[in-house]
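Visitor: Next up is a structure, given as C-alpha coordinates.
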(Lines of atoms letter the chains of each structure in order from A and count residues from 1; the text may use other names and numbers.)
(Lines give C-alpha, C1' and ligand atoms only; values in the text may rest on other atoms or scores of the structure.)
Protein backbone atom coordinates (compact mmCIF):
# COMPACT_ATOMS: atom_id res chain seq x y z
CA UNK A 1 0.00 0.00 0.00
CA UNK A 2 2.79 2.44 0.86
CA UNK A 3 4.10 2.83 -2.74
CA UNK A 4 0.59 3.53 -4.03
CA UNK A 5 -0.13 6.05 -1.26
CA UNK A 6 3.15 7.86 -1.91
CA UNK A 7 2.54 7.81 -5.65
CA UNK A 8 -0.88 9.39 -5.22
CA UNK A 9 0.27 11.83 -2.51
CA UNK A 10 4.05 12.41 -2.78
CA UNK A 11 3.95 15.42 -0.43
CA UNK A 12 2.64 13.46 2.56
CA UNK A 13 4.72 13.35 5.73
CA UNK A 14 5.72 9.90 7.12
CA UNK A 15 3.09 10.11 9.87
CA UNK A 16 0.43 11.10 7.32
CA UNK A 17 1.42 8.16 5.11
CA UNK A 18 0.86 5.79 8.04
CA UNK A 19 -2.53 7.37 8.74
CA UNK A 20 -3.53 7.03 5.09
CA UNK A 21 -2.51 3.36 5.05
CA UNK A 22 -4.45 2.73 8.28
CA UNK A 23 -7.55 4.33 6.74
CA UNK A 24 -7.24 2.16 3.62
CA UNK A 25 -6.77 -0.95 5.74
CA UNK A 26 -10.02 -0.28 7.61
CA UNK A 27 -11.88 -0.20 4.28
CA UNK A 28 -10.25 -3.41 3.01
CA UNK A 29 -12.53 -6.48 2.78
CA UNK A 30 -11.93 -9.47 5.08
CA UNK A 31 -10.80 -11.77 2.25
CA UNK A 32 -7.96 -9.43 1.33
CA UNK A 33 -7.05 -8.94 4.98
CA UNK A 34 -6.87 -12.70 5.46
CA UNK A 35 -4.62 -12.96 2.42
CA UNK A 36 -2.15 -10.48 3.92
CA UNK A 37 -2.38 -12.16 7.34
CA UNK A 38 -1.46 -15.51 5.79
CA UNK A 39 1.42 -13.93 3.87
CA UNK A 40 2.68 -12.28 7.05
CA UNK A 41 2.54 -15.58 8.96
CA UNK A 42 4.44 -17.40 6.21
CA UNK A 43 7.14 -14.71 6.10
CA UNK A 44 7.56 -14.90 9.87
CA UNK A 45 7.85 -18.69 9.82
CA UNK A 46 10.47 -18.47 7.07
CA UNK A 47 12.41 -15.87 9.05
CA UNK A 48 12.39 -18.01 12.21
CA UNK A 49 13.66 -21.03 10.25
CA UNK A 50 16.49 -19.00 8.73
CA UNK A 51 17.34 -17.52 12.13
CA UNK A 52 17.46 -20.98 13.70
CA UNK A 53 19.85 -22.17 10.98
CA UNK A 54 22.03 -19.08 11.46
CA UNK A 55 22.12 -19.44 15.26
CA UNK A 56 23.10 -23.11 15.03
CA UNK A 57 26.33 -22.13 13.23
CA UNK A 58 27.44 -19.60 15.85
CA UNK A 59 30.07 -20.32 18.49
CA UNK A 60 29.32 -19.70 22.16
CA UNK A 61 31.51 -16.59 22.07
CA UNK A 62 29.67 -15.22 19.04
CA UNK A 63 26.32 -15.80 20.74
CA UNK A 64 27.53 -13.92 23.82
CA UNK A 65 28.76 -11.06 21.61
CA UNK A 66 25.40 -10.83 19.80
CA UNK A 67 23.57 -10.92 23.12
CA UNK A 68 25.66 -8.05 24.43
CA UNK A 69 25.08 -6.05 21.24
CA UNK A 70 21.31 -6.55 21.55
CA UNK A 71 21.35 -5.42 25.19
CA UNK A 72 23.49 -2.39 24.31
CA UNK A 73 21.06 -1.43 21.54
CA UNK A 74 18.09 -1.63 23.90
CA UNK A 75 20.03 0.28 26.54
CA UNK A 76 20.78 3.14 24.14
CA UNK A 77 17.16 3.23 22.97
CA UNK A 78 15.84 3.42 26.54
CA UNK A 79 18.36 6.13 27.47
CA UNK A 80 17.34 8.10 24.40
CA UNK A 81 13.64 7.83 25.32
CA UNK A 82 14.33 8.88 28.91
CA UNK A 83 16.46 11.87 27.90
CA UNK A 84 13.90 12.94 25.30
CA UNK A 85 11.11 12.70 27.84
CA UNK A 86 13.12 14.70 30.39
CA UNK A 87 13.77 17.33 27.73
CA UNK A 88 10.06 17.53 26.89
CA UNK A 89 9.25 17.89 30.58
CA UNK A 90 11.80 20.72 30.83
CA UNK A 91 13.95 19.15 33.52
CA UNK A 92 16.45 21.74 34.91
CA UNK A 93 19.92 21.66 33.41
CA UNK A 94 22.47 19.75 35.49
CA UNK A 95 24.90 21.86 37.55
CA UNK A 96 28.26 22.63 35.98
CA UNK A 97 31.54 21.81 37.68
CA UNK A 98 34.29 24.31 38.49
CA UNK A 99 36.42 22.76 35.75
CA UNK A 100 33.65 23.21 33.19
CA UNK A 101 33.30 26.88 34.11
CA UNK A 102 37.07 27.23 33.70
CA UNK A 103 37.20 25.56 30.27
CA UNK A 104 34.25 27.63 29.05
CA UNK A 105 36.02 30.83 30.09
CA UNK A 106 39.45 29.90 28.70
CA UNK A 107 38.66 27.88 25.57
CA UNK A 108 38.57 30.82 23.14
CA UNK A 109 41.84 32.20 24.58
CA UNK A 110 43.58 28.85 24.07
CA UNK A 111 42.23 28.48 20.54
CA UNK A 112 43.33 32.01 19.64
CA UNK A 113 46.76 31.58 21.20
CA UNK A 114 47.48 28.38 19.31
CA UNK A 115 46.01 29.45 15.96
CA UNK A 116 48.64 29.10 13.26
CA UNK A 117 48.95 31.22 10.17
CA UNK A 118 48.99 29.31 6.92
CA UNK A 119 50.48 31.35 4.15
CA UNK A 120 49.34 30.45 0.68
CA UNK A 121 51.54 30.79 -2.37
CA UNK A 122 51.62 34.41 -3.58
CA UNK A 123 52.76 33.21 -7.01
CA UNK A 124 49.77 30.83 -7.25
CA UNK A 125 47.41 33.65 -6.30
CA UNK A 126 49.00 35.94 -8.92
CA UNK A 127 48.83 33.17 -11.53
CA UNK A 128 45.11 32.64 -10.86
CA UNK A 129 44.45 36.36 -10.81
CA UNK A 130 43.20 36.18 -7.23
CA UNK A 131 44.15 38.31 -4.22
CA UNK A 132 46.55 36.67 -1.79
CA UNK A 133 44.81 35.70 1.46
CA UNK A 134 46.38 34.29 4.61
CA UNK A 135 44.18 31.79 6.43
CA UNK A 136 44.32 30.56 10.00
CA UNK A 137 43.88 27.06 11.37
CA UNK A 138 42.86 26.56 15.00
CA UNK A 139 44.39 23.98 17.30
CA UNK A 140 42.61 20.57 17.07
CA UNK A 141 39.86 20.14 19.74
CA UNK A 142 41.72 17.28 21.47
CA UNK A 143 44.84 19.42 21.84
CA UNK A 144 42.73 22.30 23.16
CA UNK A 145 41.26 20.04 25.86
CA UNK A 146 44.74 18.71 26.75
CA UNK A 147 46.05 22.27 27.09
CA UNK A 148 43.08 23.32 29.23
CA UNK A 149 43.50 20.29 31.50
CA UNK A 150 47.17 21.14 32.03
CA UNK A 151 46.30 24.79 32.73
CA UNK A 152 43.76 23.68 35.33
CA UNK A 153 46.24 21.36 37.05
CA UNK A 154 48.83 24.14 37.23
CA UNK A 155 46.36 26.79 38.39
CA UNK A 156 46.88 27.68 42.10
CA UNK A 157 44.00 27.24 44.52
CA UNK A 158 43.39 30.99 44.65
CA UNK A 159 42.98 30.98 40.87
CA UNK A 160 40.50 28.09 41.05
CA UNK A 161 38.44 29.69 43.81
CA UNK A 162 36.21 31.87 41.54
CA UNK A 163 35.27 28.82 39.45
CA UNK A 164 34.41 26.76 42.53
CA UNK A 165 32.22 29.63 43.73
CA UNK A 166 30.41 29.67 40.38
CA UNK A 167 29.96 25.90 40.57
CA UNK A 168 28.54 26.17 44.08
CA UNK A 169 26.09 28.86 42.97
CA UNK A 170 25.06 26.77 39.96
CA UNK A 171 24.41 23.74 42.18
CA UNK A 172 22.21 25.87 44.43
CA UNK A 173 20.32 27.02 41.31
CA UNK A 174 19.91 23.40 40.19
CA UNK A 175 18.64 22.17 43.56
CA UNK A 176 16.11 25.00 43.79
CA UNK A 177 14.84 24.42 40.24
CA UNK A 178 14.70 20.65 40.78
CA UNK A 179 12.57 21.06 43.90
CA UNK A 180 10.03 23.07 41.90
CA UNK A 181 10.21 20.67 38.94
CA UNK A 182 9.71 17.56 41.10
CA UNK A 183 6.60 19.07 42.69
CA UNK A 184 5.25 19.84 39.22
CA UNK A 185 5.94 16.27 38.04
CA UNK A 186 4.13 14.87 41.06
CA UNK A 187 1.19 17.21 40.53
CA UNK A 188 0.94 16.31 36.83
CA UNK A 189 1.32 12.57 37.51
CA UNK A 190 4.45 12.15 35.38
CA UNK A 191 6.46 10.13 37.90
CA UNK A 192 5.10 6.72 36.87
CA UNK A 193 6.30 7.13 33.28
CA UNK A 194 9.74 8.36 34.34
CA UNK A 195 10.12 5.63 36.95
CA UNK A 196 9.19 2.95 34.39
CA UNK A 197 11.93 4.17 32.05
CA UNK A 198 14.45 4.31 34.91
CA UNK A 199 13.49 0.79 36.01
CA UNK A 200 14.01 -0.44 32.45
CA UNK A 201 17.47 1.14 32.44
CA UNK A 202 18.39 -0.53 35.73
CA UNK A 203 17.21 -3.94 34.53
CA UNK A 204 19.11 -3.63 31.25
CA UNK A 205 22.29 -2.61 33.06
CA UNK A 206 21.97 -5.61 35.40
CA UNK A 207 21.41 -7.85 32.40
CA UNK A 208 24.42 -6.32 30.65
CA UNK A 209 26.69 -6.92 33.64
CA UNK A 210 25.34 -10.45 33.95
CA UNK A 211 26.69 -11.54 30.57
CA UNK A 212 29.60 -13.90 31.26
CA UNK A 213 33.04 -12.74 30.10
CA UNK A 214 34.33 -14.82 27.24
CA UNK A 215 37.33 -14.55 24.97
CA UNK A 216 37.24 -15.15 21.24
CA UNK A 217 40.06 -14.20 18.86
CA UNK A 218 41.59 -11.92 21.46
CA UNK A 219 38.30 -10.07 22.10
CA UNK A 220 36.75 -9.93 25.55
CA UNK A 221 33.01 -9.73 25.96
CA UNK A 222 31.56 -8.49 29.23
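Placed from the backbone N, Cα and C atoms, the Cβ positions cover glycine too.
Feature list, courtesy of TrEMBL:
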DNA_BIND  1-55  DNA-binding region
DNA_BIND  92-182  DNA-binding region
COILED    164-214  coiled coil
DOMAIN    1-55  domain 'HMG box'
DOMAIN    92-182  domain 'HMG box'
Visitor: Please give the average pLDDT for the coiled coil (164-214) in this predicted model.
Guide: 84
Visitor: Work out, from DSSP, the number of helix, strand and coil residues along the DNA-binding region (1-55).
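Guide: Per-class counts: 47 helix, 0 strand, 8 coil.
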